[in-house]
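See below for the structure under consideration.
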Amino acid sequence: MSAMYHVEFPKFGWEFDLSPTVFKIGNFELRWYGLIIACGFLLAFIYALYSAKKMRINQDKLINCVIFGLIGGIVGARLYYVIFYSGSTYRDNPLAIFNIFEGGLGIYGGIIGALLVGGITAKICKMKVSAVLDIASLGFLIGQCIGRWGNFVNQEAFGTATDLPWGMTSEATQKFTSSPVHPCFLYESLWCLLGFILLHFFTRKLRRYDGQTFLLYLIWYGVGRFFIEGLRTDSLLTPFINLRVSQLVAAVTVLAAVVLLIVFHKKTSLTGCGSKKVMAMNQLVDEIPAEDGPSTIFGDLPPVDAEEAPQEENAASASEDSHAVPDSGETEGEESGAAEAAVAVEAPERSVEDTEEPSSDENK
């Protein structure tokens, strides 16, 4: 049976026992860590399917991306942790690498693996990868917000000593310090929750192009992770510089995302929901009738040959009408071409005979 932790929040007067195990039957053990992560994935998946309708993305194809992306994410998260883990656990017992439900997953490794495999799947399915990334980024925030509570149950991902009211203690934290420590899992969970709320409304109301939400996600999560990671005592360290692995990855992704936002700041290629202005422009293009010509928001294209023939016929007809004598207005209704010609000839004669005014020659 897994260890039982006695967790306290001294300044709040809270204390309780916490077991990492839900239940155990024989050799099978269901742990809270895996169950919480599974719940986070399920909620993220439901949200992704809901968003697919709003963003005009095929749900069946998206499911393929999610399935393969999940596999890539799990493999990437575990490899990320194992590669940068400084202990000898996995060298002494290589089979321990497969015990993923006992903890030891690197979120950035999961993001990289999911994006790589999911992106390739989207490309194979002929989907717009940048639009899929926008949905994925919001799903990541849901999964990260919920998944961090798995770290709490395992009593990991905590920080340095603190005097703040929400400092916590347990058998795991007391191995490092007897003082209450930062609940870093809680900081990141709340940061991801706030990021999800903001980016959800941004995507629905202000997004200007596919991929913009994803870039903002990289910035939002990267900034928060950089500072939160600096408080932790149990995170992975880089072998060459005094910086944690996740801090280094966060700094690189934030800088890259900022550069791309600057490069794409005038872009307006949007699929589905987003900025009202851009959506209105797209709707305007969609509603232009075929007979009005292939006009777009980027300018009018040259007329096609099919439109030139009617224009030439209209010009010829107008030229013929200009040589005809105007109708006197005495005939009404539909008449034959011969009758109209006769009226056109007789009209001047009647006008000369009926007039009582002398001609210009007689006045001289």
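Glycine is no exception: its Cβ is also placed from the backbone N, Cα and C atoms.
Computed from a predicted structure; not experimentally measured.
Look at TrEMBL and you will find 354-364 tagged as compositional bias 'Acidic residues'.
Here TrEMBL flags 291-364 as region 'Disordered'.
Annotated transmembrane segment per TrEMBL: 30-50 (among others), in sequence order.
Taken from TrEMBL, the feature transmembrane segment applies to 62-83 (among others). Same-chain residues lying 6 or more positions outside the transmembrane segment (62-83) and placing a CB less than 8 Å from one of its CB atoms are 41, 45, 48-49, 52, 90, 97, 100, 104-118, 120-122, 125, 127, 132, 135-136, 236.
Panel annotation: around the transmembrane segment (95-117), residues 31, 33-34, 37, 68-82, 84-85, 89, 133, 136, 140, 144, 147, 150-151, 154, 156, 236, 245-246, 249-250 of the same chain, lying at least six beyond its termini, place a Cβ under 8 Å from a Cβ of the stretch. Residues or ranges marked as transmembrane segment by TrEMBL: 95-117 (among others).
Residues or ranges marked as transmembrane segment in TrEMBL: 129-149 (among others).
What TrEMBL records for 185-202 (among others) is transmembrane segment.
Annotated transmembrane segment per TrEMBL: 214-233 (among others), in sequence order. Outside the transmembrane segment (214-233), and at least 6 residues removed from its termini, the chain residues within Cβ reach (under 8 Å) are 130, 133-134, 136-138, 140-141, 144, 157-160, 176, 181-182, 184, 187-188, 191-192, 195, 198-199, 202, 244, 246-247, 250-251, 253-254, 256-258, 260-261, 264.
Within the chain, the transmembrane segment (245-264) has long-range Cβ neighbours (under 8 A, six or more residues past its boundaries) at 84, 106-108, 209, 211-212, 215-216, 218-219, 221-223, 225-226, 229-230, 235-238. The transmembrane segment feature in TrEMBL is assigned to 245-264 (among others).
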